[in-house]
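*Asks:* Marked as coiled coil by TrEMBL: 30-57. The transmembrane segment annotation in TrEMBL covers 60-81, 107-126, 147-168, 213-233, 245-264, 276-298, 331-350.
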Amino acid sequence: MFTPIPDVECVVGSNNILGADERHQYAAKKLHTTKEVQNKEQDLQDQQQEEVQQTLQQRLIIVVWTASFLFAISTLVHYIYPALVRNKWDGWDATDPGLYRRDCSNIPNYIMLLHMIGGTYMMFVGPIQLIPSIRRNHLELHKWMGTMYIIGAFMASIFATTFCSVYSNGRRNVHENVGNCILGGSTFVCAFQSFRYIKLKDIESHKIWSYRLYATVLGALLYRLYVTIYWGFVLYTPLPFSPMINNFIFYIMVIPNILVVELIRRKRFIPNQNEFVLKGSMIFVGTSASLIFLFNWLPAMLGFHSTDEATVLGEYHSDANDSSLFCSREAIAKVIGILFIFFWLLGRMLSSLFKMRQGQSPDAAEDNMNGSAIHGTTPMCYYSKPYKAFFK
């Protein structure tokens with residue numbers, strides 16, 4: 001009787017005869033071994049690349065924090081200390097022509113001094129607040145420094161915006177005032193939102209707004225770095241001076257920072273995984289910060305007169321120090337009006353915040369206080385938009 005021969009495969013050069021199942025198992029095992037080797041090689045490459053990226057990240061963080069600390073120290077030594085301790089104000093013009101106001105009441109100088117105190121504290125404390133180990137292991141210190149950080153942000157933003165709106169006549173042009181007002185307004189909003197969300201126990205939103213706040217604060221430092229690089233090209237290359245570029249710098253000191261934070265938040269841009277971005281940022285910040293420290297901040301701290309771009313081009317107007325501009329009732333009325341608007345907005349924000357913490361909308365809370373509404377509750381995040389919290 002004829003019996004069919006099973007499906008077998010003869011291995012050439014061998015006496016082994018493998019069945020179909022054994023053949024598939026052998027091929028699968030070989031493929032698995034090959035993939036395992038490839039995965040190990042890929043993991044090793046990823047690990048090496050990650051180590052390189054972490055090293056670049058650490059170096060970039062060190063460079064940025066060093067630049068922030070140097071900027072804060074120079075402001076403290078050259079601006080704040082002489083004004084508070086020695087009552088010497090005219091040295092401000094050595095590095096920033098037109099900043100010191102020879103006013104009969106000295107009001108604009110005190111306004112700028114309060115702005116400097118708040119901004120300097122933010123420059124010192126901001127990098128420390130971003131250290132994860134401090135947030136994990138020293139939470140109370142993080143909370144205390146964060147509270148003072150928010151107060152410093154309110155001081156810096158309110159008084160800087162007041163100075164630019166009322167007392168900045170004749171310093172440069174309208175673009176400087178608009179750019180600084182954008183910076184001050186952004187700092188104010190980001191500071192309040194960071195404070196608001198931590199009170200609502202929304203940690204993720206608090207972190208996002210804290211990053212935005214730090215990005216806006218860095219605008220003051222980045223402006224000086226941009227100016228240093230640009231004027232290096234103007235003074236030492238055939239590149240002619242361009243008023244458009246000079247004015248454009250006032251706007252790029254804060255707006256791109258916010259956009260980068262938004263792109264990172266939406267995961268459309270991951271700078272920590274791009275070596276080119278990390279190296280470029282480190283070289284830019286390190287080079288420009290070193291130049292401005294050696295030729296501007298350090299001479300100012302040592303008492304030597306430095307040179308500002310406004311002095312080089314002769315853009316400094318003598319009417320900037322005309323006391324008649326700042327002693328009038330109109331100027332005082334503007335200061336009072338701007339401060340009233342700021343504190344009214346802050347009061348509305350805080351009022352809405354406290355009502356939301358009670359689980360009620362502001363309208364329901366007001367009705368309950370008048371005894372004319374049913375005691376209903378609304379979600380904690382009643383206001384999803386920042387403007388609704390105080391323009392309601």
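Heads up, residue numbers simply count up from 1 along the chain you see.
Using N, Cα and C of the backbone, Cβ positions are placed for all residues, glycine too.
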*Asks:* Take a look at 60-81, 107-126, 147-168, 245-264 and tell me which one has the most Cβ pairs under 8 Å to the transmembrane segment (213-233).
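*Replies:* It is 245-264 that shares the most Cβ pairs under 8 Å with the transmembrane segment (213-233).
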*Asks:* Could you tell me what the rest of the chain brings near the transmembrane segment (107-126), counting residues at least six beyond its ends with Cβ under 8 Å?
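*Replies:* Here the qualifying positions are 68-69, 71-72, 75-76, 79-80, 83-84, 89, 99-101, 145, 148-149, 151-157, 159-160, 162-163, 166-167, 214, 217, 220-221, 326, 332, 335.
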